[in-house]
Each structure stands twice: as C-alpha cells, then as structure tokens.
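Working notes, structure below.
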Amino acid sequence: MSGMVDLKEFLAELGKTQKELKNVIEQAKDIGLELKTNSKMTPEQAGKLYKYIVDGIKEQIQANQPAKNPEQDNKDDLNTAVASKSLNKKVSKTPKKEETKSQPKPKKTKEKKKEAPTPIAKKKGGIEIVNTFENQTPPTENTPKVVSHSQIEKAKQKLQEIQKSREALNKLTQSNANNASNANNAKKEISEVKKQEQEIKRHENIKRRTGFRVIKRNDEVENESENSVTESKKPTQSAAAIFEDIKKEWQEKDKQEAKKAKKPSKPKATPTAKNNKSHKIDFSDARDFKGNDIYDDETDEILLFDLHEQDNFNKEEEEKEIRQNINDRVRVQRKNPWMNESGIKRQSKKKRAFRNDNSQKVIQSTTAIPEEVRVYEFAQKANLNLADVIKTLFNLGLMVTKNDFLDKDSIEILAEEFHLEISVQNTLEEFEVEEVLEGVKKERPPVVTIMGHVDHGKTSLLDKIRDKRVAHTEAGGITQHIGAYMVEKNDKWVSFIDTPGHEAFSQMRNRGAQVTDIAVIVIAADDGVKQQTIEALEHAKAANVPVIFAMNKMDKPNVNPDKLKAECAELGYNPVDWGGEHEFIPVSAKTGDGIDNLLETILIQAGIMELKAIEEGSARAVVLEGSVEKGRGAVATVIVQSGTLSVGDSFFAETAFGKVRTMTDDQGKSIQNLKPSMVALITGLSEVPPAGSVLIGVENDSIARLQAQKRATYLRQKALSKSTKVSFDELSEMVANKELKNIPVVIKADTQGSLEAIKNSLLELNNEEVAIQVIHSGVGGITENDLSLVSSSEHAVILGFNIRPTGNVKNKAKEYNVSIKTYTVIYALIEEMRSLLLGLMSPIIEEEHTGQAEVRETFNIPKVGTIAGCVVSDGVIARGIKARLIRDGVVIHTGEILSLKRFKDDVKEVSKGYECGIMLDNYNEIKVGDVFETYKEIHKKRTL
C-alpha cells in the first residue's frame, strides 16, 4: 500500500482543496486516467498528472496500463522511490541508456552483457536550481527538470530503500529465476535515479545572478566511479561545516564581483562544498513559484539577500529626491502687486505653481508664441495665470479680454514683465498647405515689372512693345490698374507687369516688385527723377531684383540724358558707361527707338540669372488683381510661380476658393494650362481674392473650402478683437473728441487694387479734427444694402470708382436722402473728399493789430458807465472793434468798443495823434495809465 498515491494526498501535494477535486478528476480524464474520489494512483500516473496540471505537459497514459494492486510485491518500492521524484516535476524524462550485465531472460530477444551494478553515492543535500534563465528556450522533453531541496531529501530516503531492495533482489535472483523480470525493472529504476543525479549536476555551471539567494543545508557528494562494483555510503557532513564552507565561498565570490569580473571563478573549497552552487530565483515564473509553494514549511533552507544591485536602488532614490527638490523650488507663491506685505489669508491658500516672490527669477526655456495670439492662448503657452496676464496689461494701460489678440509689442512687453524667452512665429504658417514639388526644373520666361513716376510713359512704352494701344483707353491717360502681358521676342517669351505710377498705388507697385525678376524703371528724360521714381527704386531694392533704366521721351528736343544719369548716380545707381553696373537704355515710346535694345538687354539679364521652375505638380500663383465682371462673377489676374494651373483645378487664395472654369490670356484667347511665369485671367472664384494673395492649387474642393474657411475665421476674429481693444489714452481721447467731425463713406470700386488704393489715400486725409469713417468697402456695383448702411448717418456719402449705379439704386438713394458720387479718375475722388473735409474743419483765426490808445483820464457817468479819455498813440481806433485792456503789461479785460466819441460827436474811427472817448461793453474798471490795444480777427481755411 505504501507504493500507491492516494488522490487526497495528491491534492495536498498540489496545494489544492477538496472543492477543486472535480477539476483534477476532469484533467485526469484528459490524459486517459479514470479517477474517483477515493482512487489511488501509481507514482508514474501521479507524476504525469502532476506535470499536466502544473506544467501543462500532456502525456497520455496507455489504456493497457492498469492500476497496480496495493498488495503487490515489496519490489514495487523501487518504483515508488523513482515516482516520488517524478511527482515533483523536476526530473528529466530522457535518461541515458545504461549498460547492465547480461542475464538469461526468457522474455528478451536482444540482450547485452550486464555489467556489475554501479554504486550510487548517497546525496548529501539538495541542489538549488534557477527557475528561469536569460535567453532560455521553452522547456522541452530534453530540458532538464529542476529538483528542489525537499525532493532530494525524499529521494535519499528512497535510495536507502533501493539499496536494501537490491540486496534482496540478488537473493531472489539466485533463488528464483522467475523473478528476473522484476529485478530488471528495479535496475532500470536505479539507472533512472543515476541519470537524475547527472541532470542535477548539469545545472551547476549556470551563471550566478544578482538578487535573492537560497542556501541549502546539505551538500552533494560526487559519485564514485561508475565502474566500481561495490557500494559504499559516504559520511554525512555536519550542518555547521556546510554553512562555514558556504560563508567562505560567498566571501570569495563577493571579492571577485567587487573587481567587476565578468564571470565569477569557481572557489577552491573542500570536495564536499565544491559543487554547492546557489543561483538567483526568478519570481517572474508564476508557474514554478506556484509549484514550490508546497515546500514553504521546510526548515532546511536559509534565504539570504544579495546586495549586488543596491547601488541601482540607491540611484533611483537619489533621482526621486532630486525631482522632488526641483518641484519644491518651482512651487511658488503669488506676489501681491499692490502692497509690500504678503497677501491676505484667503489668497495665501491658493498655492499655484507659477506664483512666487521669486517667480520672475525662474529660468524658463524659449517659448514659441504665434505672431497673432489671443490673451488666453498666450497664458497657456507661457504657463501663466490668465488673471495675471490681464492684470499686467491693465497696469500697462491696455484693457483687454481673454479673447482679444495681442500685437507684437504687447507680446514683447509681457515677455519682459514675466522674464520669458519667447520666439514670435508667423501665425499664417499654420494654414500653409505643404507643397510637394518634385520634378525637373525647366527654363521659364522672365517676369519684368514696369515702374516709374506718373505720366512718364510706362504704359505707352509697353503699348509700343506689344503693338497695342492701352493708354488711350484709360481715364485721364493714367494707369489705375495693374496689368500683365506676354510678349514674344526672338522666339522667347517675356512677361510684363505694368504698375500704376500714381502715389495712391504704392502697394500695387510693391506687389509688382515682389513677383518680378527684373525691374524696368521708366524715367522721362525731360522730367528727371521724381518722388514715385525714388519709391519704385526702393521697392526694387527691397525685392533684391536687378534694375534696368529706360530713359523715355528721347524724341523730344532739349533732353539731357546725362543730367538724368547724374540724378540716378546720386541715389547710388551708376550707369555702365560711368563705370557702374546699371544699364541706361534711351527709348522713345512715340517713335519706337530703342525698344529692341531694351528687349535684348532684358533677355541677356534673364540669361545671366538662369531662371528655372518646376512645371509638374500643383500650381502656386500670385494674384495681381481681382475684380467683378458682369456675367463672369469674380475674376482674378494671376501669374504662376511654380507648377501648372489647369482648367478644372481646385484652389484657394486667402478667403476665396473655387475651381478654375476658364483662363484667358492678355490677347483674350482661351487657354487650358498655365505654366510658370505665364499670366492669365481666371474665373470660378467664390469671391474676389485680395490683391497680392497667394493662390495654391489643391486636390479637391473640400480641401480648398476648408483652408479658405480657416483663414476667414481667423481674419474675422482678428478684426473683432481690434474693434474692442482700446487703451486708456485712446479712451480719453475719444471722450475729449466727442465733437469730432467725421464723414461716413461706403467705397465701391471695380478692382481690388483700386479699392485698396482709394481706402489708403482717404485715410491719410484724417486729422485730429475731422476724419473719414469707412463703413464698408467692396468690389462691384452699388447695391441697396450699401444704401441702408449709410441711411441713418448724417453727411454719409457713397463713393464709386469706375462703376455706375442702376436706376433702382438711384431711386432708393433719393428716398433715403443718400448722396452717391462716382469717379473715373482717382485724382478727382481724392481732391473732392479733401475739399469736403476742409469744409467741416474750423478755419484758422489770425489777429491783425489795428491801433493803440493810452488812457489819460476817466469819467464816471451815472446809468451809463465809465468813459476813458484817451490819446491814440498808434494806428487807428475804430468803433465795434475788439480791444484788450492792458495794465502794467497784463491783459485785464478783452471786449469790444461799444462807443467811440470825438468830443460830443460819435465817430467811426480816430486816427493817430487825436483824442477820443472810449467806453467798453459791460466793463467799467478802467484806470488812468491803462492801454487799449485794438485788433481784428482774420479767418483762414485749413489745408490738408
């Protein structure tokens, strides 16, 4: 009965309760073992079931292997000894084959000569094995199993029984040949035990790890030679001696580890302690840990700590302490800006990380702030309190809300106040669409901008180049729109941009200079350098483009080109023939002289510059001009910088978006594709795009609409912010200037560029007394909505440029009593508005000295007043004129002369040297020696 394993004992070994009995029976069925509540198993069956439950290794039990009877022969104790090792799942199932002595066996066909039985040394102790290894492969049947201390202890007891059984086996073999098979089985079991011991030895060379170490009380003794026939028991070493050896061994190993040896060398110890090695137990293997729980009550183990990794633990503690110290330093307290004392109790409870008396000393890294940022966004990005930011701006004289935008100056002031390092970034870069330009750069035509002073013949010169007449069709003979044209010369194309020369079109000239490759400055030889000429040169210099001078009107008599060159040389533009680097080409727009020379110079300069661009991919263009045309809607003149713009492409330009419907060149011909440096008029826009905006082609309408909406929202919020944000100075000025006279106007123009020029010119007329208030401006005709905007305002005017109101609009204007003024020349519009502002302004009052009289005597007349007897010392004293009464050089009174008499007669005036009587209006405090000084006021009109 001692050889069978009871199911209840099996559960106890597993550490399971009776409630889990059903699960164990079910798992036994999976490997072909039928069990009941009171069943018993052979050790081999128990070992396989144990491995299946704990390790998940499924080994089927053959059906022809019946459970053994408890009343079996005592020889089964040999199997019990080995099965007890299998029960602990730690022994390898692939032992080596062992040679045995050959004996006559009737049931075996292949037999080998059996050698003398190998003596098995008794184990002195368990060997601790590492559960997991680095870079270990999953366990297989060839992987040695791990044997614990208690398992080896039990195995030793069984080995003693095996020795006794072997002696009995020899006797039984001699007496009864029928028991040969049983003896053979016993020998096999003995060989299995020997192989188990060999597998245990294989783990002795495992590298030691840092962590926990388990020291065993017993030691293992090497087996004697396998060829020895006799068996001898080795004497057991005492526990004190084992611990002494372990202590010496670990002292030596720790010394070696202190030298940072890669592998600890084997310590030289007594033979009993040579193979005693301890290894790190890895608790990450929950399966093995669970399997060893049943041996927790063993008392023959000592758990020691390996402090090899103590330095790592100390390092983590130091890092944690450093982080805590940093947090303590950053934790600051709010500073009260209104008093030197600390805050009141209520405020002191609010411990915010950014508030501290030393908060301004905290060094912060550079913070990226958008160029257009709201107050609350600035606070978030700078990690500041919103209330502190608003309060700081308030103390600086700026009243803002959290949604107001901050300008660049305000951002810099806040950064200085809070001791921040910031970098201001362009907000519009967030809206930029990433353009992927891949392809080969090809040669493109040069873009030439014609600039110069008004009436110097720019458009006439371009007309001569194009063999067209444009100048005569423009009102007043001056260019008021930006034009773009393509000209072919020597099989090469040149794109020309014609800019206005009037002072009101400064921004147009700037846009033309930004997109150009070469600037041609037209100067009239009979007029010389003018203000707009200098401005055009500044635009070209800012754009860093080469300049070619065209001396126009050379057909006129008495022209002096050397004088013109001298004026340009004073500005730093020296001619080539004077040793400089700038070409001065004499031309005549009237006769055409010098035109070919000018074009050749342009092409030579373009060849030197090697102008190239990528033609493949989405287009990127610049809007030169935008307008609204009847029947076509919003249109725009664009020049392509890179890529190709085709009919049907989706695009966006600032707040405008759409799909290209048609493209028309300067000759009025329809084209399908627009390559770099080419210009065309496109249709299909949702609205008129701002002049100078960048047009970008995208994949579809959805992307174009989304990008345009983002920009529209941003610009709208920015405009609202500017309308609400006001400083103390502006507020006080508004209160003081409540009598400010202004003229509300609505401006409508035919193109975006003209509208922009008119607005800028009118705003320059504003001064401290009168101002033009632009209520609304737009491109297109005058509508009823425009009338309703100004109907409630006094002195409101609607200004139209190159447009005419319809009959319905005229009738509504009469009904609303609104004045509509239309112009075709920008000169007339600006001059009339200047005159209108001058009429609202108070005149300039000047004084003119007329005479002076000295008081010699005074006469008090009852019910009349005091009459001063005077002698006129200078000029003429007239009745009704204004006079000052001066006493000791101080003006005592200012009033009018009510009565002037010569003796008893009333007179209008008294000349120098004559006596007269003077009585002032409502003033009688006149004394002898006072002086009357008379003057008259002269009103003069103001000028703007």
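Cβ atoms here come from the backbone N, Cα and C positions, even for glycine.
Annotated range for region 'G2' in Swiss-Prot, selecting from 162-166, 327-331, 477-481, 862-866: 477-481. As annotated in Swiss-Prot, region 'G4' covers the listed stretch 552-555 rather than the other ranges in 288-291, 552-555, 700-703. In Swiss-Prot, the feature region 'G1' is placed on 452-459, out of the ranges 36-43, 308-315, 452-459.
Residues 498-501 are the range that Swiss-Prot records as region 'G3', among 318-321, 442-445, 498-501, 630-633. Annotation note: Lys458 (GTP binding site) sits in a helical segment as assigned by DSSP.
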